[in-house]
Amino acid sequence: MALDTPLSRAPAIAPEPKGILDPATGLPIGATDPTFLSINDELADRGFLLTTADDLITWARTGSLMWMTFGLACCAVEMMQMSMPRYDAERFGFAPRASPRQSDVMIVAGTLTNKMAPALRKVYDQMPEPRYVISMGSCANGGGYYHYSYSVVRGCDRVVPVDIYVPGCPPSAEALLYGVLLLQKKIRRTGTIER
């Protein structure tokens, strides 16, 4: 005879993910983005788009960001979880690459020590322009728990320029995915072609 406990009656599958929502509006990320709203209006009005080369390149770059991991500690586990099927970062055009020469984005996840700082800079310098950095977790953002240690760099922004900071110890995969979407929004806002 089986025991009838709340745990034995619970479904054996994970609940449905709720999606990525903007905490300020409660709407999905990108629902109020002026770029997408203007594209929808123009397509509905004429049936085709007129655009500049800069806008086309910026649009293509935001939809095909290749990221490289620089996992130094426990935050790297959440970073790996973001690329797994439950969150599926590739549906946002954010795919992993193993080489810095093929990457647009570096995710620094974990405690950066003084000995590892030159390696971080060397890998960053090998990335092609334009390149972006996401600092993930309290340790990468400012030293975290080890802030006062003699061997820890108090934030990876002292070694490489950081575009997006994702707070938490460790931040969840949803938080990192939200940071990726914010990076895409930043790229759309600033453009990629230098004049």
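The count begins at 1 with the first shown residue.
Note that Cβ sites are derived from N, Cα and C of the backbone, with glycine treated the same way.
What Swiss-Prot lists as [4Fe-4S] cluster binding site is Cys74, Cys75, Cys139, Cys169, and the listing cites sequence analysis.
The structure, with features from Swiss-Prot marked on it.
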{"residue": "Cys74", "record": "[4Fe-4S] cluster binding site", "DSSP (3 states)": "coil"}
{"residue": "Cys139", "record": "[4Fe-4S] cluster binding site", "DSSP (3 states)": "helix"}
{"residue": "Cys169", "record": "[4Fe-4S] cluster binding site", "DSSP (3 states)": "coil"}
When you measure from the Cβ of Cys74 ([4Fe-4S] cluster binding site), which residues in the chain that are at least 6 apart have a Cβ under 8 Å away?
Gly110, Gly137, Pro170
Smallest number of other CB atoms within 10 Å: among the binding-site residues Cys75, Cys139, Cys169, that is Cys169
